[in-house]
């Protein structure tokens, strides 16, 4: 039996991409899964696909009341909350400082930070009492942009650096009751969109990047799928497998940190 059997897991942005892969994985692990999802169509799809195995709540991660409504439903359903996974986010499609008009930069900043940073903070606030009671955990999705430049423009990259600070501060504030960690995936096949303020709300990340371009820059030389990143979340959520980690950011970057100066990887001819 999985360590996560009957554990109560709350994931934001569970309707597509990494969020959907996490929903699938935690259900496979026997967990009671809930998600807060902005898209009504995706909520309906989740309910149709997973039935009683999913509690899908339509709502916005920038709205505390929506979070509280979801937590109330989770506690009614499961009687507890063991892990909160802040995952919903938006990307800036590499919108640069020089080429982005000042007024667009300002509105884009507020929209992107509201989702990528405030959304995590509000989720932590709504979930903290239940997680303190269960001595559970929080896990936040980062990005390779939390470590390196060029994984987005200044808006996205700064938001992910801000999220690392939030993880460390929450890990400090909530210890010893709640473990708080992060996972930073590299580029993958997903439907990640951009801010409406930048005219990117209908543009997905795969319209800006190709599988070939992503695989070429990774030393492991493959194009990741969302399911490839779910393992670290399962480990961090497990009390048995993660008794000691808090304030830790797992850099799941397919080897980006060890790229060579002359070659992406030295073993390409092996």
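Cβ atoms here come from the backbone N, Cα and C positions, even for glycine.
Database features (Swiss-Prot):
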| type | residues | note |
| --- | --- | --- |
| BINDING | 10-34 | NAD(+) binding site |
| BINDING | 143 | substrate binding site |
| ACT_SITE | 156 | active site, proton acceptor |
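Taking the Cβ of residue 10 (NAD(+) binding site) as centre and 10 Å as the limit, one finds 32 other Cβ atoms among all the protein chains shown. Here the C-alpha separation of residue 34 (NAD(+) binding site) and residue 156 (active site, proton acceptor) works out to 27 Å. Around the Cβ of residue 26 (NAD(+) binding site), a 10 Å sphere holds 29 further Cβ atoms from the protein chains shown. The two recorded residues, residue 30 (NAD(+) binding site) and the residue listed as 'active site, proton acceptor', show a Cα separation of 34 Å. Here the Cβ of the residue listed as 'active site, proton acceptor' has 26 other Cβ atoms within 10 Å, regardless of which shown protein chain they belong to.
Between the listed binding-site residues, namely 18, 22, 34, the fewest other CB atoms within 10 angstroms of a CB are found at 34. With respect to the residue listed as 'substrate binding site', the closest of these recorded positions in Cα terms is 156, chosen from 10, 22, 26, 156. The binding-site residues in question are 14, 30, and the one with the fewest Cβ neighbours inside 10 Å is 30. It is 20 Å from the Cα atom of residue 14 (NAD(+) binding site) to that of residue 156 (active site, proton acceptor).
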